[in-house]
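Visitor: Let me give you the structure first, and then I'll get to my questions.
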Amino acid sequence: MDSSMKQTNRCQIRMNSTRQIANLQWIKFANIYSKLLIRFSWSILSIGLLITAGLTACFCLLVEVRQFGQQDFFMPKGLTMTNARRIKMLFGNDTELRMHQQLNLYPGLDIIIKRKVNNNERSDNQTNMLDNRTVEEIKMLDQQLQSILITDTKNNVELNYSSLCTKMNYACIIDGNYVLSEKFRDHMIHLHPPKHGYYMDDSGANGVPGFMFGKNYGYADRAPPASDDSDYVDVEEEAQQHELENSSKIVSPTTERIIAYVPLFRLRYSLSSSTPEIRKLAIDWERKALSYLNGEYKSKLIDVFPSTSTAISDAISKTAHEEGIYITFMFLIFFVLLCIFLSIQGNSYTSVGYLPLCGIISICLSTGATFGLLSVFRIKIIEPMALLIFIVAIIDAMRCSIVCGEYHRIIIEHMDTSPDESPEIDIEKLLPSIITSTHPYFIASTLIISFVYLLFSIFSPMSLTMPICLTLALYIFINYIVHSTFFTSCLVITLKRVSSRRHCLCCCRLPKDNYTKQNRKSKSLNVFRNQIYSLLKIDSMWKKLFASIFCLLLVVFIILSLWFGLSIDTSLFEDKYLPREFYSLRSHMQSQVDDFEMGPVIMFTIPEAIDYNNAYTQEAMRNLLEQCVSETRTNTFKLLWLTNENITYITTGRENLTFRITPFSKNDLIVSEGENFSTIQASRFYCQYKSIKGDREDIRTMNAMYTYAKQSLIPSIFPYSLLFPSYESLGQLRIDICVLILALILCCFIITFIAFISLKNSLLIVAHFLALSAGTLMCLYLFQNLTYNFVAGPWLYLVPILYVDTLIHVCYSRTDSKWKYNRVILSLLISAFVLYLFPIETYAFQIICRSIIYQSIICFVLINFILPSWFYLFQSNNNNNNNNNDDNNDNNSEDQIDTVVSPTMTIVVSNNSLKSGMEINNHIDESNININDPI
């Protein structure tokens, strides 16, 4: 027992010795740095201002903005994109192929058409699209769309749809255009289900019922028509007397099953993107067509719900650009409130004056310098980088508030302990103390953020993380440099103004007894405040009980936050992403969920030549499709070229290859022709998703396809879908956010422990950082139904670092007033709540606003209630362990929570002799301090 105690004491002595060495190094740094600032304050300010202003000018002159889209989240070196490149090498350019053969979503106009309903009673008669007038209206709509013209400014010609469409056999590809054909109109009254799963007429018009009619079309059993002029009205009346799908009525042998009810029609006008110029013109046409359908087009018979390849991104970008002014206004309110809160502390003599305004200028200069440096190196800016400004502005505002708070604490301690009624200010003694109590923590947080995000930009496989994380690492580093030069020089100038007894605003000289008069006015308030503090400092069992409850609540909160945080799902698209004003687009997306079970196809590709005549090979291909359609997120669609093709004829036939392969399998087989024998070098076949939710079940289905392909007997086969890159990125996004928070926790612990040699403080920092980060995600999940998605993704990468500086500083300055933190938090909360007065519909802005509110509230509770409770319990434990020791042994207590020791500050009043000089020993002995400090 004695030996273990001795070993513990030795370890504690070594720890204390190391800590004192570290503290002395920080003090030495502060002394050297403060001397440099005092001597060259104006020079440092001017040089810093000149450099940052020059880089800001470079930004304004050289800035290049690159369009940001969903593709920025993709993983170029991931398995999905690798497979996409392999497919493109095998089957060539896919821009002129049918949609199920394409690797990406290319330009096109997708229209869902429903009959207008005049009242709230929706019956089959009112919504059935099998009506001659309705079909005629749709044909007229088609003619109007194909006549829409755009101007090719480069060649000075006007182009319509037929000039820009994707063509096959010299005809434009319009999915579902069978409803526009004469054959459909002739057979509409007695429409049989297609024999091979799709309709087609002699002109090439075609369509799949699941695509053209949705999933809710209904069947009926009818007698064969007596003539071609059957009355459709009679068919509708009879349809009401039969059950559509699950009829138990005995069917007469003379009847046949027909499609009697169709709730909607769907058309998709495919557009070419064979060259960048054609793609740009195609996008212009689809945007003009969308604008026409949403604005000018009117019909009394049908409702049209259009969408295009760029409709969602255009709607979100348009609203975000319009509402960006509201976010700017929110931060303007934040800065105004912060300046007021920073300036009102103290009096006309000791107030920081214009220093908060210098802090705002510092933020602007660091922003201009960062993006100016990017512009000098010709790095293009993307829109999510604007979020970095919000984050760094809040971080720097907190740093400015902490500096101002430490300035007031130190200068008041000096003046209150000075025997002179008009104390002199010695900047060479005050400034090192301010720097020692602030900059070590700023350096630590800068290293944590820069190091983690630098590593993340290197190791994360997503494309977005490289520009975002690298820019943030550079931004936070430049911000600290500007803060340490420009803002700290302004602080030195403020201290010189105080030492010369000048007014904080107008800089006029004040009388020598000004501070004494101001102090007398606030004396009664100070007495009242001290009485409250004395009451709060009374040690009692109740106080220990409440402190223990708060600490227990933190543990429970962390567990719940982790549970709910890990429950957050992924999503590709949700209705809430779109503003309410885009009604037709929202209706289109909702109709895809409610009325269809058709998502993107899953393409199984065999990239090498195999024996397709082998029965085991054919059975393996069919088994793979059966495994696919058995999944919960796939439908029953299967497209296997073996069903329509004669392999022997393809490989041994003498005719031209075009005639040996049917149109059903065109572009699904790659055949190399030899003299006597042809070889199928590659092939592909398909199944289909039933939705485009992009949740974890869809991602699990994607991973299941990879598993099935890997387990298959077919060599080298692999799956691909045009949504696989998005699903792969969504899964990676979820992993990245969790890994990012874990990396920040580990880095916080390592860097703070190395810098300050305090195990307990480092553990407290990481525990409360985990509570803050996971708690924010939990609140967003519970109250905003947060999912990991591409709209909120960039912000989720940044929000964990919002209060890193705050947690580090408060753990090492626990006995100080919390006002220096609370004024930033309160300013941010007020400005965020003001934003509620505006009709914000941009989903990303809603998430930004809510996450700031939730994180600020959690941080406020942590630093004002939870952390003081931990400090109080640790101090009580220290006091109990040291009851039998003298005061000297108290300072070396084994369980003492250690901190960076503030330097001994010797202030000599210049008017007195050396003997009458006054020394303030500011060594902090935490075992003798009540650490349950009030707000």
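Just so it is clear, glycine is given a Cβ too, placed from its N, Cα and C backbone atoms.
What TrEMBL says about a protein is an automatic prediction, not a curated fact.
Keep in mind the model is a prediction, meaning the values are calculated, not measured.
Residues or ranges marked as transmembrane segment by TrEMBL: 40-63, 325-346, 352-377, 441-460, 472-495, 545-566, 733-756, 763-783, 795-812, 824-846, 852-874. What TrEMBL lists as domain 'SSD' is 322-493.
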Visitor: Taking 325-346, 441-460, 545-566, 795-812 as candidates, which has the most Cβ pairs under 8 Å with the transmembrane segment (852-874)?
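Guide: The stretch with the most contacts is 545-566.
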Visitor: How does the model score the domain 'SSD' (322-493) in terms of mean pLDDT?
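Guide: A mean pLDDT of 90 is what the model gives the domain 'SSD' (322-493).
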Visitor: Please tell me whether the transmembrane segment (472-495) and the transmembrane segment (441-460) touch - that is, whether there are at least 3 C-beta pairs under 8 Å between them, with each pair 6 or more apart in sequence.
Guide: yes
Visitor: With a Cβ cut-off under 8 Å, give me the same-chain residues at least six positions beyond the ends of the transmembrane segment (352-377) that come close to it.
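Guide: Residues 48-49, 51-59, 61-64, 335, 338-339, 342-343, 345-346, 385, 389, 392-393, 396-397, 400, 404, 407-408, 471, 474-475, 478-479, 481-483, 486-487, 490-491, 494, 497, 504-505 contact the transmembrane segment (352-377) from elsewhere in the chain.
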Visitor: At a C-beta cut-off of under 8 Å, are there same-chain residues at least 6 beyond the transmembrane segment (325-346) that contact it? List them, or none.
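Guide: For the transmembrane segment (325-346), the far contacts come to 352-353, 355-357, 359-360, 390, 393, 397, 400-401, 404-405, 408, 504, 819, 823-824, 826-828, 830-832, 834-835, 838, 840, 845, 848-849.
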Visitor: State the non-local partners of the transmembrane segment (824-846) in its own chain: residues 6+ outside its ends, Cβ under 8 Å from one of its Cβ atoms.
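Guide: Contacts with the transmembrane segment (824-846): 316, 319-320, 323, 326-327, 329-331, 333-334, 337-338, 341, 394, 397-398, 401, 576-577, 579-581, 784, 791-792, 795, 806, 852-853, 856-857, 859-860.
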Visitor: Quickly jot the same-chain residues contacting the transmembrane segment (545-566) by Cβ under 8 Å, restricted to those at least six beyond its ends, or write none.
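Guide: Distant contacts of the transmembrane segment (545-566): 738, 767-768, 770-771, 774-775, 777-778, 781-782, 862, 865-866, 868-870, 872-873, 932.
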